[in-house]
Amino acid sequence: MKKVTIRDFIKKKSTKEKITILTAYDYPTAKIISNTGLDSILVGDSLGMVVLGYANTLNVTMRDMISHTRAVARANPPQLIVADMPFLSYEIDTKSAVKNAGLLVKAGSDAIKLEGGEEMKDTVKAIVKAGIPVMGHIGLTPQRFLRLGGFRTIGKTKQEEDQLIKDSLELEDAGVFSLVIENTYVDIAKRITEKLNIPTICIGAGPYCDGQVLVINDLLGLSEFTPYFAKSYVNLKEIISNAINQYIIDVKNNKFPEKQHYKEKES
């Protein structure tokens, strides 16, 4: 599989071939993904919740994102690597936003993702001007859950719906190469997808986007809580628990280690 680029994303929009994205936060997971046909790996700030144990993503730092991006990049996957810009790494001013985006690229990402709508237009333009591809993110933006009044579906009112449409158009104009739409009503995501020339990526926004993204812990059945819009394709939590319990039993009953697991000195 050859390296996926942002041009491939745009092409898939025109050919109506769905784009597939999963999060990954470490080398072994990225190595497994590298042997699949997945289009893109998102090193998401969701690592704060599913890896570091925080209640939300607000405590994730640039140091965290750089470290995990490096780990994923060391697997040398052909998938497009997109790294999230964490909370307060791009909102303060465009100069620091460009610098932090550059640090993620130096860590191995092929593009960055940031949250927000039209208010991020100048920031997106500055990062793109610096030569760094940007993926946008609208709808439920987890870094802004306090302002949104919690984790909820966005677009219930006409005002919210109109703002989502405006945000998507402004971000496209600013130069994003694709747009994540999270936890909005399905008809809104469909409208946005039809209006934009860039690909849209849904998470909890229905089937009409140009692609889908999931947190890999949800897909593998590892999460403590799985959102209604996610699907678990396997229950690894149960498989891992069973393996650990079997190991305990084997050790206590002298069934591990067996002869093939150690060496004896020849007499």
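Keep in mind that glycine also has a Cβ here, set from the backbone N, Cα and C atoms.
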Mg(2+) site partner of D45, D84 according to Swiss-Prot, chosen from E17, E91, E115, is E115
DSSP says E115 (Mg(2+) binding site), in three-state terms, is coil
Counting only residues outside D45, D84, E115 in the same chain, those with C-beta within 8 angstroms of the Mg(2+) site's C-beta centroid are G44, S46, T57, V60, M85, P86, F87, K113, L114, H137, P142, Q143
Among D45, S46, D84, K113, the record's 3-methyl-2-oxobutanoate-binding residues, the widest C-alpha separation in angstrom comes to 12
